[in-house]
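I have placed the structure first, in the form of structure tokens, so that the comments after it can refer back to it.
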Amino acid sequence: MKHYLSINDIDNLSEWVKEARILKSQPKANKNLGANKTICLLFFNNSLRTRLSTQKAAMNLGMEVMVMNFGNEGWALEYGDGTIMNQNTSEHIKEAAQVVSQFCDIAAIRAFASLTDKEQDEAEVVLNGFKKYTSIPIVNMESSVGHPLQALADAITLDEKSTKAKPKVVLSWAPHPKALPHAVANSFVEMMQLQKADFIITHPEGYELNEAITKNVTIEHDQQKALENADFVYVKNWSSYTDYGKVLNQDSNWMMTKEKLGSAKFMHCLPVRRNVVVEDAVLDGEQSLVIEQANNRTYSAQIVLKKILENL
Ligand code: CP
């Protein structure tokens, strides 16, 4: 594997999950694989888990790590071809990407959706700009349309916690005061379509995700009905995709509660707004898997970096 840009770069999900769980039991077993190799982590947006877990994964593999908060410390980048750069951008992606690739062997990039320009977001201009102009592998640490490191960590968590060959997994929308991207939900849906599971998405009308991603998935607008007999409930807010980036609904009846959860396990990628997205009783209860999901971010990053290093 050269790049890890989306769930589609996983050739065999169950094998990767199995390998990641072995890495988790022996995190330093491959500590010489990354010797004399450097990874640059470039953040155009905030992070806690992605930054620390990817850094930890790289260190477990013996790599050197350089981190840059590109969004507020780097020059404003230009992505357009032939642009007369007499406005707010100072450096073109063509130079920036080539310069980065002189300093490191792998570049990992976080660049969220703008939620104002659907066409530009779907073109993944930052991620694809780096991919186009670097000579080194690129890892997606959450882009406009996907968060494949999170979804791989979620697959590891599901594998660890599932007691059934075909569990019922529900992805439930929840309210949020701000417009959030679709990336986590998109990659979770893509990952679930590679799983043996009874998978349902529930959201209010107007919150349909990209149909190209949810094709063949059952969508139920009645949250209570969707949650019946669930084994895992993955809760996430996203803004409207059709009315792009808009908050159409803040109905608190969609918040996840202990009562609604029943006996299911609760999942969320974090960060989460307590008592808006999910009530305290769920997060503080034994059915919550959120801390274990966050821990598995190290091993999802580590299996990805291991596979890239093996091909360098
Ligand atoms: N889940 C996740 O990506 O967390 P951060 O935004 O803190 O990295």
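Any Cβ shown, glycine's included, is placed from N, Cα and C.
Automated prediction, rather than curation, is the source of TrEMBL annotations.
For 2-160, the entry in TrEMBL reads domain 'Aspartate/ornithine carbamoyltransferase carbamoyl-P binding'.
According to TrEMBL, the carbamoyl phosphate binding site annotation covers S47, L48, R49, T50, W75, R110, H147, P148, L149, Q150, C269, L270, R297. Sequence-distant neighbours of L149 (carbamoyl phosphate binding site) (same chain, 6+ apart, CB under 8 A from its CB) are Y4, T50, S53, T54, V139, N140, M141, E142, R297, S300, A301, V304.
Here TrEMBL flags E142, H176, K236, R273 as N(2)-succinyl-L-ornithine binding site. Contacts of R273 (N(2)-succinyl-L-ornithine binding site) defined by a Cβ separation under 8 A and a same-chain sequence distance of 6+ are given as H176, P177, in order along the sequence.
Look at TrEMBL and you will find 184-305 tagged as domain 'Aspartate/ornithine carbamoyltransferase Asp/Orn-binding'.
Among the binding-site residues listed (W75, L149, K236, R297), none has a CB atom closer than 6 Å to any atom of ligand 1. Burial estimate for the binding-site residues (R49, H147): highest at H147, by number of other CB atoms within 10 Å.
Classification of K236 (N(2)-succinyl-L-ornithine binding site) by DSSP places it within a strand. Taking the Cβ of E142 (N(2)-succinyl-L-ornithine binding site) as centre and 10 Å as the limit, one finds 26 other Cβ atoms among all the protein chains shown. When the alpha carbons of H147 (carbamoyl phosphate binding site) and K236 (N(2)-succinyl-L-ornithine binding site) are compared, the span between them is 13 angstrom.
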